[in-house]
Amino acid sequence: MAEGFAANRQWIGPEEAEELLDFDKATQMNEEGPLNPGVNPFRVPAVTEADKQEYCKILQPRLQEIRNEIQEVKLEEGNAGKFRRARFLRYSDESILSLIHLFIGYCTYLVNRRRLGSLRHDINIEAPQEEQYSSREQGTTENIKYGRRCLIGTASLYLLLFIGVAIYLGTTNAQIVWRLPPLVVPVEESEIIFWDCWAPEEPACQDFLGAMIHLKASTNISIQEGPTLGNWAREIWGTLFKKATRHCRRNKIWKRWNETITGPVGCANNTCYNISVIIPDYQCYLDRVDTWLQGKVNISLCLTGGKMLYNRDTKQLSYCTDPLQIPLINYTFGPNQTCMWNTSQIQDPEIPKCGWWNQIAYYNSCRWESTNVKFYCQRTQSQPGTWIRTISSWRQKNRWEWRPDFESEKVKISLQCNSTHNLTFAMRSSGDYGEVMGAWIEFGCHRNKSRFHTEARFRIRCRWNVGDNTSLIDTCGKNLNVSGANPVDCTMYANKMYNCSLQNGFTMKVDDLIMHFNMTKAVEMYNIAGNWSCKSDLPQNWGYMNCNCTNGTSNDNKMACPEDKGILRNWYNPVAGLRQALEKYQVVKQPEYIVVPTEVMTYKYKQKRAAIHIMLALATVLSIAGAGTGATAIGMVTQYQQVLATHQEALDKITEALKINNLRLVTLEHQMLVIGLKVEAIEKFLYTAFAMQELGCNQNQFFCEIPKELWLRYNMTLNQTIWNHGNITLGEWYNQTKYLQQKFYEIIMDIEQNNVQGKQGLQKLQNWQDWMGWIGKIPQYLKGLLGGILGIGLGILLLILCLPTLVDCIRNCISKVLGYTVIAMPEIDDEEETVQMELRKNGRQCGMSEKEEE
């Protein structure tokens, strides 16, 4: 091939070949072409002279054609041909690139734009000529078109940025709403609380929320005075009684009668009460008397609805109270309670005062003192009878039963009891609602299991000097002439036997209904016949009231102060006692939001999602960040992230509390607890969900910005002096900005009730339904057919429009993957031997080994 070129044509060397290929690359550029099509192999870095000679041999036919083409071009003024077009495109594209770099900040590009790299060289022209371009040559190229779009887009971007900065600067004084702040505040007197009780293994009062008893958050908050849990004592007591006896009311009524109860002076001054007494079948009340009604079960009261309890003694937060013993009926002994004998301190007229009618004794400074007093009772069978061994199929074993000579209902169930201490009782001469006449006390007694008797507990009543005259008192002390339904002074001496009996019934007033509980059948179930004994099993912390007593100046026949300290019979009122036990628990809540200045956004933590489990953490570990008045507002914001990060720790504490309390609660009730708290958190959000979203605040945000027009309309101005750049406690800030919280509440209510956008949206939806209502009349199969046709047509249209771009994209991707770059496409004569396209793959010629190329 070299000999042919030498004979007929002038051989083209490496230098001339380099210039010819430069010209060829320039002429290949057209309106749609790239800026640098292909690579000049003679300008590849590190190319050697041997390589250049080899390239000349391979590309000699193409080089000859390029030289002939250049010689045929007539270079005249105003007609530069392809070369002029190439130069115009090159330098016009460079101008566009210069403008683009200018807008994005690369000003130095204009200074150094001639130093673009080793592959950029000016193409030498034999004769300089004036650069003149026709309108056709200066037509809009793709690069110029996209350059204009880039210019417009860049200008729009800068304009939007300017507008955004202006809006931001205009709202720098906006208000920020802090949702679910780590703070607890007292509830209002008018707020409604929802509570439940919890007692281990107690079906009548068992609630999953009671697992929070041992989960308390130690905190240094100091809360202002607010309503205590004792304010709801009457409601709680009534509900507790209904819970304790709810399954008993489903049984049949045993007896019913009407009765009139007289007051202290007969029926004068309308002091008589007409009551309807109902005696239910009492067998189902058997366990209730021994547990709930006598206060033998530890009961914890738990709050729901997102509210918590603050123990003012221990300075702790919890969902439930400490275990309490709440006797539901009047009982001689009670748990660790106190009584406000100064009646002026009790404002609730529904709570009976401590004291009775017609007394001159005035008790004050009462305190509860525990005692180790014990009662011992023994029973001796007073009627003849025999023990009979019977076979019971339902017990699967033999048993002994006592068969008296008379019916058991006619047998007097009498016992003899004594006390280990001298006890002076201030007693009433009659029981509640005319139940029992005479002075009496009552206590619980436990009987151990023996050969003939089962284990059982009884309620025993001891009386003195039972008489028949209801108008006069049966005295048992030194007060001989006390008349009417008055208290008496009686003393039960230590180690002295007194006649007592099993209590076979009592009367209780529940709401407006007075119920008499008959225990005769229940007592018979315990096999009370025969000889047996029992011992009182009062808890160690039970005792009596020790009071200072002062007599009045009246000389009437009324009860005076006891000569010795002692137990005060009938002092305990279940409502008053429950209220006294709950006075130390203050009902608090976590605010749903608090209004703070925009300044908090400058030092707040990185935004976190307010997920449901995060809300659970905030409600249980408020103290981690020092909730309340113990830390400044700026410190609370910076430590808020730590509170959110410890939600797993809160769940671990819940599990640990469940394990300590009862192992069986770890599975199901733990899940129920978490579900319950999640429901509370969801309800708290859904209550104002629509309004908060209208304000641009969703459930995933803790800090939400109020639109400026709203807080200006409602005159929500902050006192920056009080805020003091966050150097104020959250508790103080909340108390001094309650008006802001109220105004924000008004905003929410206005949005919820009078939402204009919501009404417009509904109207638009209705209009759209009117216009598009005809679609509903089209049969279902026609709808499917029409939808299929529209879908196919849309797909074909997209395919036609996007097919060229898709093919070009696939071609470019394949070239990139294979690593090929097209250098030249030489024209081959028909007579000449077929020559393959010269390609280079990664710097190597196709079809040649690496050794041959070297």
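Glycine too: its Cβ is placed from the backbone N, Cα and C atoms.
Note that the structure is predicted; figures quoted are calculated from it, not measured.
Range with Swiss-Prot annotation coiled coil, chosen from 488-538, 641-691, is 641-691. Range annotated as region 'Fusion peptide' by Swiss-Prot, chosen from 152-172, 614-634: 614-634. Among the ranges 401-437, 438-474, 734-770, the stretch that Swiss-Prot annotates as coiled coil is 734-770. With Asn551 (N-linked glycosylation site) as the anchor, the candidate glycosylation sites are Asn298, Asn422, Asn448, Asn719, Asn727, and the one with the nearest CA is Asn422. In this structure, the glycosylation sites under consideration are Asn551, Asn727, and the one with the smallest number of other Cβ atoms within 10 Å of its Cβ is Asn727.
For the pair Asn418 (N-linked glycosylation site) and Asn298 (N-linked glycosylation site), the Cα-Cα distance reads 28 Å. Looking only at Cα atoms, Asn719 (N-linked glycosylation site) sits nearest to Asn727 among the glycosylation sites Asn298, Asn422, Asn448, Asn727. Using Cα positions, the member of the glycosylation sites Asn422, Asn448, Asn727 nearest to Asn298 (N-linked glycosylation site) is identified as Asn448. Taking the C-alpha positions, the distance from Asn727 (N-linked glycosylation site) to Asn448 (N-linked glycosylation site) comes to 67 Å. Residue pair Asn448 (N-linked glycosylation site) / Asn422 (N-linked glycosylation site) shows a Cα separation of 26 Å. Secondary structure at Asn298 (N-linked glycosylation site), as computed by DSSP, is strand. In the three-state DSSP scheme, Asn551 (N-linked glycosylation site) falls into the strand class.
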